[in-house]
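S.K.: Okay, so TrEMBL annotates it like this:
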type	residues	note
SIGNAL	1-17	signal peptide
TRANSMEM	33-52	transmembrane segment
TRANSMEM	73-94	transmembrane segment
TRANSMEM	100-119	transmembrane segment
TRANSMEM	126-143	transmembrane segment
TRANSMEM	163-183	transmembrane segment
TRANSMEM	231-253	transmembrane segment
TRANSMEM	260-280	transmembrane segment
TRANSMEM	286-304	transmembrane segment
Amino acid sequence: MKWYIAALLTVLTSSQGILTTLSQSNGKYKYDYATVPFFAEVFKLIVSSVFLRRECKKLPPPKMTTDWKTVRLFPIPSVIYLIYNNVQFATLMYVDISTYQIMGNLKIVTTGILFRLFLKKKLSNLQWMAIILLAVGTTTSQVKGCGEASCDSLFSAPIQGYMLGILSACLSALAGVYTEFLMKQNNDSLYWQNVQLYTFGAIFNMARLVVDDFRAGFEKGPWWQRLFNVYSITTWMVVLTLGSTGLLVSWLMKYADNIVKVYSTSMAMLLTMVLAVFLFGFKPTLQLFLGIIICMMSLHMYFAPPSMFVGLPPTVISDPESLVIVSDDHKAES
């Protein structure tokens, strides 16, 4: 089941990037992009509430922990993501977009490290090699030709840019690992946990819209007046895909783990680059093909059973007629 969910997450994450690009007009957003995450959180909250209500009508009823000591932990992922979003903007002040995307692949390795430290999940040496290969593969697919300016800019950014890039990768990994901890800390209903998670998510996203209003001096009016401004069908599809990917990620956090999510999102990035060749006239590069091959090798290394990589001798099948039955008397004599 988790592989179907992971595959669906890959497709939706890929389509999310494509739909976001298609929702632009002349390279710009006519709508307020900050309203999209808010609508996505509300969508996830509504869907989770509907499924929770259906669960409550069944016997036995779902387990729902309402203790404040447990509930108070659910705003923390929203706080981490809020800090992460601000760090992202700060990073882009020091580095260009190509360098930023390449540094973003550090979150693959930091997720593996925090996965080991905080969740006490042991990874084999082969799995560590696979995670590092995944980071190398995604980075390779994004590196442009060394004759281009972006290749030189990769190592010419200020030290603040690299420090913020590392912090951004750590915050992204921390948010994912902490969310997995929340989902697996007890046997509560997934939908009850989602309701708590997305309630706080909607509140924090609404708070961001209010802060943006004060910063802009209410030039465009209060946030609730521009919620539906210039929202096209494509924009609503962006909201639905963003919300749906969030629901799938919560399922993976509950019943799989962060590493499966990391592989899904990494494969989605490669799928997006391949689809961009046909949709936006993106020119495929040798680095893209090499990156895809490396990522496929990483995927096989991480999830394949270890016996596939070891030359085990074939199992010897004994002939039943050649077996010698030893009696108890013979055992006693020996």
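Cβ from N, Cα, C; glycine included.
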S.K.: Ranking 73-94, 231-253, 260-280 by Cβ pairs under 8 Å to the transmembrane segment (126-143), which is first?
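M.R.: Result: 260-280.
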S.K.: Mind checking which residues reach the transmembrane segment (231-253)? Cβ under 8 Å, same chain, six or more beyond either end.
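M.R.: Result: 2, 5-6, 8-9, 12-13, 15-16, 19-20, 22-23, 31, 36-37, 39-41, 43-44, 47-48, 176, 179-180, 182-184, 190, 193-194, 197-198, 260-261, 264.
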S.K.: Same chain, outside the transmembrane segment (286-304) by at least 6, Cβ under 8 Å from its Cβ: which residues?
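M.R.: Non-local partners: 126-127, 129-131, 133-134, 136-145, 259, 263, 266-267, 270, 273-274.
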S.K.: So, taking each listed stretch (33-52, 100-119, 163-183, 260-280) in turn and counting its Cβ pairs to the transmembrane segment (73-94) that are under 8 angstroms, which one gives the highest count?
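M.R.: Ranked by Cβ pairs under 8 Å, first place goes to 163-183.
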